[in-house]
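Taken from TrEMBL as is:
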SIGNAL    1-26  signal peptide
DOMAIN    484-523  domain 'EGF-like'
DISULFID  Cys488-Cys498  disulfide bond
DISULFID  Cys513-Cys522  disulfide bond
TRANSMEM  536-561  transmembrane segment
TRANSMEM  621-640  transmembrane segment
TRANSMEM  646-664  transmembrane segment
Amino acid sequence: MARGAGPALRLLLPLLQLLALPAGRGNRTGAGSLFISEYFSQSAQRLSFYSWYGNAKVFHFHVPEDTVLLRWLLQASRGKEPECTSMEVTVHFRYGAPPVINPLGTHFPANATVRPSYNISITLSSTVQNTTFVNITTPAAGDWFIAAHLPEAAGRIEVKGFSTPCTYMFQADMFVLRLTDIPVLEPGVAMPQTIVSPAKPLHVKVFVPKYTARMWFELRNCMTSERKACAVRVVLGSITLPQSFQRIITCTGNVNCSVSLDSLPWEKWLQIMVESLGTANASVSLEMLASFTDCRPGSTSSFLNFSSLNQSQAASGPGSPTPSTGMALRNTSDQRSFCLQNQPVVREDLDVVSVRYRLLNGPSVAVYSISPTLLVLNLNSGMDSGGSLVVNLLLNKTSLSQANATVVACVSAASPVLSLNITQNCSTAFFQGYPLSLSTSSAEAMLIVLYPQTDDWFLSLQLICPKGQSECNTAEAKVTVIAYLTPCFNDCGPYGQCSLLRRHGYLYAGCSCKAGWSGWSCTDDTKAQSVGAQNLATLLLTLSNLMFLPAIAVAVYRYYLVEASVYTYTMFFSTFYHACDQPGIAVMCIMDYDTLQYCDFLGSVVSIWVTILCMSRVKKILKYVLFVLGSLLIAMSLQLDRRGVWNMMGPCLFALIIMISAWVSNDRQITCCLLLSSRENGGRENANPSKHRPDFLETPCWTECRARNLPPILPICEKSPAYGSLQLQLQFRSHWWLECRVRMVGCCLCPGQDLWYQHCPLPAGLWCHIWMRGLAHEPKMEGD
């Protein structure tokens, strides 16, 4: 790709490469095969460093039926800022549900099934953009998901507004090539076909009806156009990720090829592709035949019995057998006529990604040895794959007549397991199931399927005896089945928060862990904080707000009641916000978390605002107007962007400007200080100070300048002499040297009229003492 090309050209070049696929018309049995190309695109998303599943950006696509080729166009790009460095983007793929990923290498919850996802890496080094293609032939029709993320987060805290993080973008586009007229293979009918060339494979499909136990596929009368022995490869099934269970057979010579498949997906189309392995100029003619073996189902109850839908399993009276007991009373020959016992299950939607499954005859189901008991869990609504499927089995030990018998269970998607034994691994024709077992020594089993794929899920149970099935012919076991779909398993536990995530109209859930806990369901305590450390952190953070008490006391003592009210407000909400914001179990929330956070941020900024305005020594009326106006503007700013750095810096800088302007604008004070600097030396050198008495000492400028030498933080007192303060009258003669020592920050001198000054009311022993050097009268104290 040419460097410096425009955005339109950078997008056009990958699109042209994407469309450069074998579309148009191919030949099959002398007729034209129409291929239709379709293009699906989604908006780009900004990538994040990974710390939990919410940082992964999910893309959801739907692959249509009869798709013979799928191509992903993956585009990763980064910004041109100096902070941008080389980065590796990890992309995960999965069919039927979002990918289950574990970039941090944490532990999953016990009894959870985890299979590694299929992923690729895209490196952004010197190039600003990287384009990658991923091709999949004969993909499975349905939902496909892509998840992309950056490496693990560094854990640094960056202040918003002070740093500019690098922007990494990712976009996924999908191109499909679909065959519109795929021939249909009828069961039991031989269909002749011709492969024109190795470059143009043959595609056919056959529909698998419900209750199909086995399919027999045969390829016969294979011959090339040159009357030689043919060589072909037959691929049955579609590709699914992360695991694909396609059946591939190679046929050479004139010998007929056949394959038998057990437990096929019910009520779905099975894709069959046949490609020639011969020379390019030779066509291949052959015949295909498919036949099915049906499974006769039996039912343990009737759907007409709705009495248990609105109530739990009622206790039966003596001599009144339950429907499952009635099923147990059937003779053995009647049970042998069925290949499975169908147990009806009702799906009850509770909330988003929340489903409960209820058996019509109560939570217990009868399990026999002659045929498996089958339960269907419907998860094909399209919105169920974003949670966790939990299946819990509990064996009633008293119902098991054979003490050494074992109840074997299999949970599988798309197709059930119809033949169970102790050594089998619950595999179907195109899916690997999850095995469970119950016995008298282990009467409970649980299975957690994270992000189950969109499909019908089957639970098969059968009673197995170690010495043979003959000793279990009359045996029966009662198993309590509890199955439900939940957004997050165990609601992420006490150290996690279950968050509902959304990508366009698709919803899925993830756990955000805290207090050092990690893992898919926040069950990994490798780096977890102890309870003592959590309590200590909570106490230190909340009790630190007690430092507001001295400021509140001084403000009340000096009659700064507005400022004291703001400090009290900030101390209260800061204490309870941090008590509610703790990551562990030491948490106390007196109201909604968002409300506490907003009040804490508002009180913090307003406290700084009123403090600096009080230090600016502006007039009362102007000060209180600025108090109210600034508080309203700060409240609006925090509502727009609560974590913006200028929400605090803006009021601080504006208040500092007001304070400095108020100080500088006092021309009288500046002139006084200049006079003080020029007249002090003259007073010392003259032996007769009465002849050179400065005129400015006749005014309160001298004492006021000395008072102004106190730290600027000391505000002007607001209590008038009418409320019982002391007044100090200083009488000057000639050369005077005034010196003020402050024993505690907060002592201040308040200007009055002429030479009268009010002393701030302070506790005993904390007076601002004044010494005079030179000839002076003793100060005259007057009480009001």
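Note that Cβ sites are derived from N, Cα and C of the backbone, with glycine treated the same way.
TrEMBL labels come from automatic prediction, so no person has curated them.
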Task = Indicate the candidate from Cys488, Cys498, Cys513, Cys522 with the smallest number of other Cβ atoms within 10 Å of its Cβ, considering only these disulfide-bonded residues.
result = Cys498
Task = Could you give the residue numbers and ranges of same-chain residues that sit at least 6 residues beyond the transmembrane segment (621-640) on either side and whose C-beta is under 8 angstroms from one of its C-beta atoms?
result = 562, 598, 601-602, 605-606, 609-610, 613-614, 646-647, 650-651, 654-655, 658
Query = For Cys488 (disulfide bond) and Cys513 (disulfide bond), what Cα-Cα distance in Å is obtained after rounding to a whole number?
reply = 12
Query = Could you give the Cα-Cα distance between Cys498 (disulfide bond) and Cys513 (disulfide bond), in whole Å?
reply = 9
Remark   = Taking DSSP helix as H, G and I and strand as E and B, the domain 'EGF-like' (484-523) has 4 helix, 20 strand, 16 coil
